[in-house]
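K.L.:
Okay, here's the structure, questions in a sec.
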């Protein structure tokens, strides 16, 4: 890294803009990102918690309609993180992507302010049999506003985590260790902002006026954009590369074209570019024996020079294999986010039927999520400064436990949370129907607190897992997978609500399903909670299988500096290319054998085959 005003030698060969001074990168740069996430989530999480009430009491949806609309809105927000991730990997820098989508989010807030302010733009009450009362131009304004907020919020979350993680060089042992800390502090900034949102902003929205609450959200989002823009001189900015989706599609197309061809017995005969320039652009990923069909994309065509869409490199094929290995992990975390959706819908609606008095103060039911947020705010520093150093001494792992172990802890806690939620609902209805007594709102704190701890483990574990394991050119898109898991979980919640209503109505021969109607006291939300708890236990068993099967990329990827040594380059000083990570999660042998077994015994250096042009 050069001194001020001096370009770093070779910087243009790397997938980053030239660095002109030593201020760029590291935690100094991430402070602006933390400030942005703190401010943006004041409004974003407040709306996550209170939108179900806005839909129910202002837009006149029924119980299941408001819950379904909320989960669809949140699901759309998080699925759109893929759009932000894709654009920031392919066409725009991560910073510019966040700024553009931030402006879109502001436009959505403006429309929400207008509709919530003028009653003539809001629907009038309608018949009990209708699930929604919003139609025509009012519906157009309503759906346009929430779609813009969803698109903007999703785009921001698809680009910002990777922008922050880019400030740490994974080839440097110290910075690689700091990367895990970054994701913990990233979650803490979200949590503190969310805490302020679900207390102050939710109170203003539900007890004062909705338009004022949305105005506060918009102002905070605007200030967040200002902060992240001010950090531009301090960022290491990655230059967008080839479209990750096109690279994946190319491998799939070429492998299908070559399906009749036989693979060579020696994997060194597969196509790879090993020159110094190619290595400096990113990773050179060694061949692995999983998903052998994809290797057919790297079969060198006879009699012609290698060309795109006719042959792919081994590294390109391995990138697709990495994504394929990630998919079972991603799918195994979806159900946990379906459980999370209940805390933002039915649990909030439960709170409206409970005693909300705390001394002389009335607590808005939508502010109940402050309980897990407070737990998370306290536990994240404890996890970072006490738990990780202690466990690190036992395991030898730099992060204390592996990413997948961290995710697994969260999955177990989410199942426990749903079980307790069902018990609390049974008690609430029993006290109300038999003794005409409303239990305290803070009975909900038990399952909220447990789920907050679960979220601390799982969300950070997933984000770090997807960023660290992803190919260099797909890190924004891959980091968005953790948000995509949230999205699919929300959509699955909507599907479950409809399915449970239909099945319970027909099998139980009841006039309505467990979750139908506007009277929660005659519904059976507790049965739905227990249904999710049982599914969560089954899902955890499924997750254990895939976590045991998964092979970390660090076992396969030779570091850039080792490759430069082998192919005539010069390594960076102080970088150790050998990973000493230990894992509680065992890795099967055989076809998933480590790269050491594939290349030879430890200490034996096999000469690579250099392709002639």
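The count begins at 1 with the first shown residue.
Glycine is no exception: its Cβ is also placed from the backbone N, Cα and C atoms.
What TrEMBL shows for this protein is this:
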type: TRANSMEM; residues: 29-58; note: transmembrane segment
type: TRANSMEM; residues: 70-88; note: transmembrane segment
type: TRANSMEM; residues: 95-114; note: transmembrane segment
type: TRANSMEM; residues: 140-160; note: transmembrane segment
type: TRANSMEM; residues: 181-206; note: transmembrane segment
type: TRANSMEM; residues: 212-230; note: transmembrane segment
type: TRANSMEM; residues: 366-386; note: transmembrane segment
type: TRANSMEM; residues: 407-426; note: transmembrane segment
type: TRANSMEM; residues: 446-467; note: transmembrane segment
type: TRANSMEM; residues: 479-500; note: transmembrane segment
type: TRANSMEM; residues: 528-546; note: transmembrane segment
type: REGION; residues: 592-613; note: region 'Disordered'
type: COMPBIAS; residues: 599-613; note: compositional bias 'Basic and acidic residues'
K.L.:
Who are the chain neighbours of the transmembrane segment (212-230) in space, where the CB to CB distance is under 8 Å and they lie at least 6 residues beyond its ends?
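P.N.:
Cβ under 8 Å, 6 or more out: 32-33, 35-40, 42-44, 46-47, 50, 95, 98-99, 102-103, 105-106, 109-110, 112-113, 116, 160, 193, 197, 200-202, 204-206.
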K.L.:
When you scan the chain for residues with a C-beta under 8 Å from the transmembrane segment (181-206), skipping those not six or more beyond its ends, what do you find?
P.N.:
27, 30, 33-35, 37-46, 49-50, 53-54, 161, 164-165, 167-168, 212-214, 216-217, 220, 364, 366-370, 373-374, 376-377, 380-381, 383-384, 456, 459-460, 463-464, 467
K.L.:
Residues of the same chain, at least six outside the transmembrane segment (528-546), with any C-beta under 8 angstroms of its C-beta?
P.N.:
328-329, 332-333, 335-336, 338-339, 342, 346, 407-408, 411-412, 414-416, 418-419, 421-422, 425, 496-497, 500, 514-515
K.L.:
Between the transmembrane segment (407-426) and the transmembrane segment (366-386), are there at least three Cβ pairs closer than 8 Å, leaving out pairs fewer than 6 positions apart?
P.N.:
no
K.L.:
Under 8 Å between C-beta atoms and at least six residues away from its ends: which parts of the chain pack against the transmembrane segment (479-500)?
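P.N.:
Cβ under 8 Å, 6 or more out: 64, 67-68, 71-72, 74-79, 81-82, 84-86, 154, 157-158, 161-162, 165, 326, 330, 333-342, 345, 459, 462-463, 465-467, 470, 513-515, 528, 531-532.
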K.L.:
Tell me whether the transmembrane segment (366-386) sits in contact with the transmembrane segment (29-58), defined here as at least 3 Cβ pairs under 8 Å among residues 6 or more apart in sequence.
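P.N.:
Result for the transmembrane segment (366-386) with the transmembrane segment (29-58) is yes.
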K.L.:
So, does the transmembrane segment (95-114) come close enough to the transmembrane segment (140-160) to give 3+ Cβ pairs below 8 Å, pairs being at least 6 apart in sequence?
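P.N.:
These two stretches do touch.
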K.L.:
Using a Cβ-Cβ cut-off of under 8 Å, list the residues of the same chain that are 6+ residues beyond the ends of the transmembrane segment (95-114) and lie near it.
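P.N.:
Cβ under 8 Å, 6 or more out: 36, 40, 43, 84, 87-88, 121, 141, 144-156, 158-160, 163, 211, 214-215, 217-218, 221-222, 224-225, 228-229, 232, 235, 237, 476.
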